[in-house]
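I have placed the structure first, in the form of structure tokens, so that the comments after it can refer back to it.
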Amino acid sequence: MASADVAATSVKTDGARVNKHKADWRGWKFMWPFAVVFVFVFIIPIVYAVYISFFKKQMIGGTRFVGVENYARLLQDGQFWSSVGRVALFTVVQVPIMLFLAAAMALAIDSMKLHGTKFFRISTFLPYAVPAVVSTLIWGFVYGAKYGLVGSLNGFLGTDIDMFDPSVLLASIGNINTWEFTGYNMLIFYSSLSTIPHSLYEAASIDGASEWQIVKSIKLPELRGSLAITVIFSIIGSFQLFNEPSILQSMVPGNAITTYYTPNMYAYNLSFSGNQSNYAAALAIVMAVITMAIAYAVQLRSMKEQMR
Amino acid sequence: MSAAETSARVSAAGLRAQERAAKKAERERQRRIERDEAAERRRAAKAGFANVNNPRRSMLMTVLCAVFAVYCLFPFVYLLINATKTQADFTSTFGLGFGKSFALWDNIVTVFTYQEGIFGRWLINTLLYVVVGAGGATLLAIMGGYALAKFRFPGRKAVFAVIIGSISVPGIALAVPQFLLFAKLGLTNTPWAMIIPSLISPFGLYLMWIFSEQAVPTELLEAARVDGASEWRTFWTISMPLLAPGIVTTALFTIVATWNNYFLPLIMLKDSNWYPLTIGLNQWKDQASTAGGQAIQNLVITGSLITIIPLVIAFLMLQKYWQSGLAAGAVKE
């Protein structure tokens, strides 16, 4: 028995030693399908985008190498920068509201002090299952001043609220996004809260900690890790704003949602109706760089730590 | 030899005695803890501090959360109510009240027969994209996540860095060149244009990675290898069953991502015969604002309802799985 144990241990150490010195390629047996498709749909398109951003299509003479001309033009492009400003404003206002609501909801559900915890958990999350097209449609109908709920409200109160007015349009879109994604973020927060062992709370309460102190010293620090992930995903998401404004475009009277309302819409319209794919590629790359810089600046570092 | 045996027996007897004493002490300790806990519960009840395991419910918090739940649920109610209205009732009656007639069944029938039943075609397309695209994405994520968690292969760190980086690349940065590349390969306007990009889910890979790390003990894999099982066999017969809750979670998220995708089919597909539901519904909605187009908002609403029902049911039915799967994903410190 003892000798068998010894043999097993020595085999194990042998194995470990071998692993340390010889490359272990077995993992690629499982990794390669993902890697191959990933290269095809992520890496090659990115490289290709960088490549074509240095060219320009011309009426005469076909496509020509123009160096950084597209980028220089982009720096001067007022429409582009106004769209960047719009999504930046959107991010600064909408993301904190949404994440605050999500965190508050997660803390409330995790506190087990609600009647019907399960109901709240599922009903808050349910909007995530709704496609952007459908949620924008519903809210668009609700906002409608002619026969929507807002219209009925105006008739009832004698007010003149117009959710499609250019001055509040961005807030109306923000409301749609908040409705769609608060539950999703709540669930991420809630998942990390639910991993705290309950014995910790018991110990804290025996030591005389109040519930606020438990929230402040145990729960909030735990939320910080998942906050990094939600902040980054939310920033990336709102810088890519496209679905909601582009679906609302035909429901909003007049020309309130322009073809350059967000950077993504601008790039889409440039390449698919403006036939300027090269310029659109340059725009996309600049947006990617801006988004990545912001994501890094905000919290990517702490997310990396989380993922180790 | 015999002396050693005797001493061993003696020491064995001594050990047993020690063991008994230890067990007795342990029982007493348990009893003491129980007494303390009972006292603590009495004290807590008197002091008004709620026990974490059995807190006193708060009416105020419930009401506050109910307000938010109403906000989350009322669009569903709006959709349900308005799916029962005719086009005339939709434009003339109050949004949260029923119309003059109950037209839900008529609407459903019309949705499936309008324009020679193209809605059914869109539904089948969506199912195809979900089964092949999201199914494939789930499989790739399972295998990739398993590899990242259980093997130390060359290039593992690079894979990690590339995936982190790729998460922050905006969709549009990919979409335009993806479209141009797919156009060159003649893949646009075919189901492949929708399926191939759907196969990659960085979030799914991350989830499966974290999950594999926790759910599959390395000792078990070692044991299977010692018994001569191939890596593939170990993966299918040992790891897959252990990964089940994580797989359900990943599958649900990739299914939602594919089912709800709007941007990708918008750029890749021009032929309405290949549209998924999302693009089709948007086209129907836009019909009202095109010159001479007939407004079919009742069909748009009923179609939307039909679009979301499968996902809502899936989430409700599989609650137990995706919640435990996500919780495991969040455990990683």
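Every residue, even glycine, has its Cβ placed from backbone N, Cα and C.
Some features that TrEMBL has for this protein:
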- B:1-38: region 'Disordered' (REGION)
- B:17-38: compositional bias 'Basic and acidic residues' (COMPBIAS)
- B:59-81: transmembrane segment (TRANSMEM)
- B:123-317: domain 'ABC transmembrane type-1' (DOMAIN)
- B:126-146: transmembrane segment (TRANSMEM)
- B:158-180: transmembrane segment (TRANSMEM)
- B:192-211: transmembrane segment (TRANSMEM)
- B:242-264: transmembrane segment (TRANSMEM)
- B:295-318: transmembrane segment (TRANSMEM)
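Outside the transmembrane segment (B:295-318) by six or more residues, the chain places 79-80, 82-83, 85-87, 90-91, 103-104, 107-108, 110-111, 114, 119, 123, 248, 252, 255-256, 259-260, 277-278, 280-281, 284-285, 287-288 with a CB less than 8 A from a CB of the stretch.
The listed stretches are B:59-81, B:126-146, B:242-264; of these, B:126-146 has the most Cβ pairs under 8 Å to the transmembrane segment (B:192-211). Sequence-distant contacts of the transmembrane segment (B:242-264) (same chain, at least 6 residues past either end, Cβ-Cβ under 8 Å): 126, 129-130, 133-135, 137-138, 141-142, 146, 171, 175, 193-194, 197-198, 201, 203-204, 207-208, 211-212, 215-216, 276-279, 282, 310-311, 314-315, 318, 321-322, 324-326, 328-329. For the compositional bias 'Basic and acidic residues' (B:17-38), the DSSP counts in helix, strand and coil order read 22 helix, 0 strand, 0 coil.
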